[in-house]
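K.L.:
This is the feature table in Swiss-Prot:
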type: TRANSIT; residues: 1-50; note: transit peptide
type: REGION; residues: 97-277; note: region 'GAF'
type: BINDING; residues: CYS115; note: [3Fe-4S] cluster binding site
type: MOD_RES; residues: HIS292; note: phosphohistidine
type: REGION; residues: 412-442; note: region 'Disordered'
type: COMPBIAS; residues: 414-431; note: compositional bias 'Low complexity'
type: DOMAIN; residues: 447-583; note: domain 'Histidine kinase'
Amino acid sequence: MSSIYLHGLSRRRRIGSVIVAIYMLDSCGAFLSASGSGRYPGFSYRGLSVVTENIRSIHSSRRLKLTVNATNKEMYERQDSIHTLPLSPIPVMPSQLFQELALSQLELLANSIPCADRPGVSKIKTMALYLPQENVNTGQLEFLPAIHYPHPSRERVFIANEAASGVAPALPRTLTTLPGFAHATSLLPGYPMVSGGSEASVGVVEEVICDLTSGAAALSVPLFSGSRTVGVLLVSPSISKRRKGSAWTKEDREQVGRAGKSLSLALSMDTERAALQMQNDRAARALSDSLHQIKNPLQAMRTYGKLLQRRIADLGLLSNEGMTPQLLEMAEHLLVQSDRLADRLKPVDTIVDSLSERTPFVLNPAAPTKTQDSLVSLATPLVPWESETLEFARESKTSGELVIFMPTKKVAASGSNGPSNSTTSFSGNGSDVSTYTEDDGAGEMPSSLFSEMDLEMSFLSDVLDPVLAAFRAIAEDRGIMFSHDDTEDLPGVTICPQALQEALINVIDNAFTYVFLPKPGSRFGPNPSAEVRIRLVQNSKGSDAGVTILVEDNGPGIPAETRDQIFDRGKDQALDWTLRKHW
């Protein structure tokens, strides 16, 4: 196995297929990270760099593009298999507006503290704003570099070894800082005995040694929001250590303290804005879900009104009673009021869309998964986690089946004995739901998503009767053959009745929507004999005892390339277009 050689400014470079570890260093050579996860600002070391492109969170064997760049502008590109050290926490970055404000403030601070013996030259060499993060391994407070001044270039340092074990290679002796993020005590000498006031403020400006090559102490300023430490500003000098006394004057400390106060206020405001954005997102999701669930019974009401008109007219012709016109008028009023209610709900869609508009962030970290246990957000994250997938929908890591709602460990595989080509199964002790295709199989379930729902012992026939009755009326109006097979003496199950009703409504509604589409390869038009069938089947006894709900239809089924999108939030229109184009 070959290696990668990077020797300062020399022209000796050799690139091969290697297993490497990536290190990020600041402009002074201080160590910042031992992982390739996250999109970090660029850092340079001795004029030699490696630019990593499109890095989000790199796992073992993840392929990415490396560009090695030296001062002579010679470029080499190669696809290599990358193996990083255990994932470090992705930096929680503030908003773009705060970043621009902070850089302007730091530039102003640098220009306001000149060297006494060199007019026009700033006494400040570099500045960095660190954000707090808890170490998931030790539980101790660490600080992650978020904003740097001068604004770093895209240059990076790349150090590689041949070890496949993931053990970090030996660092060059010129590097003075050990791997890892900055521990709290290295930036705050008095930690944990630091405290703020009742509002945004700064702590005592102290000198800390963070670069042995310079010898001069840097200034450390803790930033507070009330009693909580929200960041640390580190200011490094551009001059060497004086023989006597400090490199910083009293005026310098006061100026740094004032800049820190401005950053503390801005950071507190940015944190509050992000928290409000998260609340806004939750409210938008809740409103969108509620609006969707309101439309389903509203549609059933309108269908009942139409059927009522037909029945009244038929009965009126048979009985010749004089009440028929009055009853028809009442049914007509029912339809009119249903239409009015539907019109009143249309502006709510606009409100939901406006609430869903987001302010762009510097970094949008991926949602935490089982393989990213080390990702930890702040108590009030500056960047909210994104998850476009509905909370009740997850994909099984073992079988690839889509699983919703319920937390039982396994799902019993069920075949389709009816006329349907697609089957959706709600299975387990009233607490599993999965989507099956013709090659259905069992898979492990994710952890429980029902922690905040009230579970109770119920009988499915009692819970589902209102739902099935509404769809019987809709099926009659649309010309769909709708049947319900119910096995006698089904056991009681522990469920959240309302949640199960809404889940079943969504699944049956989808079946009604797509059952008329022609089957693949069909030369005919819409499905002439649309059929939807509901079956309740008792599971085998044991740990999986319960009831399985099968929703079957004889429509075209779901194309394989779109099956992993059926529960994605906001994907319904795109999925509908794909289905209709596919057939």
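Any Cβ shown, glycine's included, is placed from N, Cα and C.
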K.L.:
Across the region 'GAF' (97-277), what is the average pLDDT of the model, as a whole number?
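P.N.:
Summarising the region 'GAF' (97-277) by its mean pLDDT gives 70.
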K.L.:
Given CYS115 ([3Fe-4S] cluster binding site) and the residue listed as 'phosphohistidine', what distance in Å do their CA atoms have, once rounded to a whole number?
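P.N.:
Pair distance, Cα basis, whole Å: 65 Å.
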K.L.:
In DSSP terms, helix, strand or coil for CYS115 ([3Fe-4S] cluster binding site)?
P.N.:
coil
K.L.:
Give me the non-local Cβ neighbours of HIS292 (phosphohistidine): same chain, 6+ apart in sequence, Cβ-Cβ under 8 Å, ordered along the sequence.
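P.N.:
Sequence-distant Cβ neighbours: ASN506.
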